[in-house]
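Now, the feature entries from TrEMBL:
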DOMAIN    42-75  domain 'Connexin N-terminal'
DOMAIN    141-208  domain 'Connexin cysteine-rich'
TRANSMEM  20-39  transmembrane segment
TRANSMEM  77-97  transmembrane segment
TRANSMEM  128-150  transmembrane segment
TRANSMEM  185-209  transmembrane segment
């Protein structure tokens, strides 16, 4: 990963964000992205290999694992992080569009040309709507994923033992999840940070509307 480019991207997002947006970005980068890359990805690296069932029936373990883990936590979190960071990039692209348009006008009309966007990063007009919609989209994505996690994994917890009776299992078999306590702790941590990010996005949206 090109950390220099990523740092520049973060600086660009910070430059056009409010104070709430900077706090949100810090939470996403430190408490979600870094935790995902450094720790969570390793915790779930062995979930399919160490999912043991007390049977030797071919295919039974695979079927039970697919039933209890329809989508991996790691893949869901990766998709969630991608979707919640994309709206911030749209804000940067909107500002870049304004700057490019202003440069074209100056090139065509000279220095005496009237400026359409004296401050391209100021949240007015279309950029205000882009920023507001990005906040609503980010909060909506996080809430949708909270619901998805709740539907797939009740109460966001993982049991130590699950019972499976799906074909081709010969009878009711016991299956054991690898490191369920550690995975539950990471899941709850990600859920809490997601709830904080949702709250910050909604507070920032209310702040923008009230300020306008």
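Glycine residues also receive a Cβ, built from the backbone N, Cα and C atoms like all the rest.
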Query = Taking the transmembrane segment (77-97) as the reference, which of 20-39, 128-150, 185-209 gives the largest number of Cβ pairs under 8 angstroms?
reply = 128-150
Confidence summary (mean pLDDT) of the domain 'Connexin cysteine-rich' (141-208) = 88
Ask   = What else in the chain is close to the transmembrane segment (128-150), if you only count residues 6 or more beyond its ends and a Cβ gap under 8 Å?
value = 16, 24, 73, 76, 79-80, 83-84, 87-88, 90-91, 94, 156, 187, 191, 194-195, 197-198, 201-202, 204-205, 208-209, 212
Request  = Provide the three-state DSSP residue tally for the domain 'Connexin cysteine-rich' (141-208): helix first, then strand, then coil.
outcome  = 44 helix, 8 strand, 16 coil
